[in-house]
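Engineer: The DNA-binding region annotation in TrEMBL covers A:31-50. Feature annotation from TrEMBL assigns domain 'HTH tetR-type' to A:8-68.
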Protein chains: 2
Amino acid sequence: MAKQERAFVTRQQIIRAAAESFDVTGYERTTLSDIVDGSGVTKGALYFHFKSKDELGAVVIEEQHAISMAAAAEIHATGAPALEQLVMLAYEMGRQVIEDPVVRAGIRLTLELSAAEGPPKPYVDWISGLDQLFRDAAAEGDLADTMDAAHLARYFVSAFTGVQLVSNVLTQRQDLESRIEQMLEIFLPSIMAPRRRRRIDSYRHARWVPTQG
Amino acid sequence: MAKQERAFVTRQQIIRAAAESFDVTGYERTTLSDIVDGSGVTKGALYFHFKSKDELGAVVIEEQHAISMAAAAEIHATGAPALEQLVMLAYEMGRQVIEDPVVRAGIRLTLELSAAEGPPKPYVDWISGLDQLFRDAAAEGDLADTMDAAHLARYFVSAFTGVQLVSNVLTQRQDLESRIEQMLEIFLPSIMAPRRRRRIDSYRHARWVPTQG
């Protein structure tokens with residue numbers, strides 16, 4: 001491995017170990033020593049890459065957001081109808097939360113940020129992305145006339161956040177996928193234009209599978 | 001004041017100060033000294049009532065749950081149609097979160113509990129209470145035939161949890177009341193029997209005001 005590549009791998013090992021500790025132990029109780037132990041790198045290597053636990057917290061949030069946004073961009077690139085993209089996004093976010101400790105930790109840290117520091121970028125970006133998606137759905141004729149894209153975007157992000165958190169406290173996310181299914185079963189019929197409701201079944205079954213890379 | 005009454009007042013002062021610290025500073029960073037300072041009681045008095053921060057955390061969760069359940073019982077006693085009770089409950093929970101630090105802290109602590117310790121009682125009780133409410137709505141003919149009370153209960157508790165948390169990170173709950181309104185605007189039409197949808201407006205405007213006491 002080239003030197004630069006080794007440095008990249010080390011950095012990712014540290015981020016992953018930090019995320020695992022933040023997710024399981026919580027940010028406050030995690031120490032830099034825990035992260036050193038979890039990552040298998042030396043304390044020197046950790047300090048070469050990161051100045052503090054604060055910085056690691058910020059980097060985990062950024063990484064999680066980048067992972068989610070990359071999936072959203074790829075799903076958008078499918079060119080599927082907007083509401084089909086919404087279904088793909090919901091299941092893909094669920095999959096990421098279940099499989100990726102960086103995603104779990106990023107979401108947890110973002111929610112624990114003090115609201116006094118201003119609205120966190122991940123939530124702002126998600127809501128504006130979904131706002132565009134619901135506008136697209138309206139342009140495609142799928143949305144009921146009474147629906148406001150901005151309200152739907154905010155509500156969908158909020159409801160999804162709650163669904164995954166409550167699935168965590170009740171079942172450690174073991175039932176998350178079926179709870180996402182139920183959420184969409186209640187949500188989709190209520191927002192779709194009556195003349196388009198016969199499309200619900202095909203939309204509900206849309207899935208996106210990330211390419212390995 | 002009688003001795004017993006004084007002890008009760010002191011206990012409540014300590015619980016309130018603990019809740020304020022847990023809510024603002026977070027459970028981990030709160031020390032017993034912070035709680036002593038916030039409550040205005042002596043360290044001796046605190047230790048007379050509570051053995052540890054752990055115990056205070058558990059008591060704050062219990063108190064919050066008792067406050068919420070008391071409101072739910074009073075709303076049930078109005079004898080209003082079940083879906084009207086649901087609207088009253090949603091706004092009342094919103095009001096409690098905004099006004100009562102014990103409620104805010106209790107919700108935060110419950111969500112931070114390790115899922116490994118089993119499903120937390122507040123969520124289990126809320127979901128079973130709402131399950132009954134949706135069964136009542138079905139018996140009253142207000143629920144669409146396709147709706148499953150257990151799924152709706154779980155979804156409503158999840159969505160509400162997300163709505164209040166996202167309102168917190170984005171606006172420090174300043175927009176919570178209007179977000180609850182939007183949530184109900186999206187949710188109610190989707191679950192109601194078509195022949196009963198003309199009642200939506202009257203249900204949506206139902207409010208319950210706690211009696212002073």
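Quick reminder: no glycine exception, Cβ is built from N, Cα and C everywhere.
What's the neighbourhood like for these features in this structure?
Structural biologist: If one looks beyond the DNA-binding region (A:31-50) by at least 6 residues along the same chain, the residues whose Cβ comes under 8 Å of a Cβ in the stretch are 7, 10-11, 13-14, 16-18, 20-21, 25, 56, 59.
When averaged over the domain 'HTH tetR-type' (A:8-68), pLDDT in the model lands at 94.
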Engineer: Just to be sure I understand, if DSSP states are collapsed into helix, strand and coil, how many residues of the domain 'HTH tetR-type' (A:8-68) fall in each?
Structural biologist: 49 helix, 0 strand, 12 coil
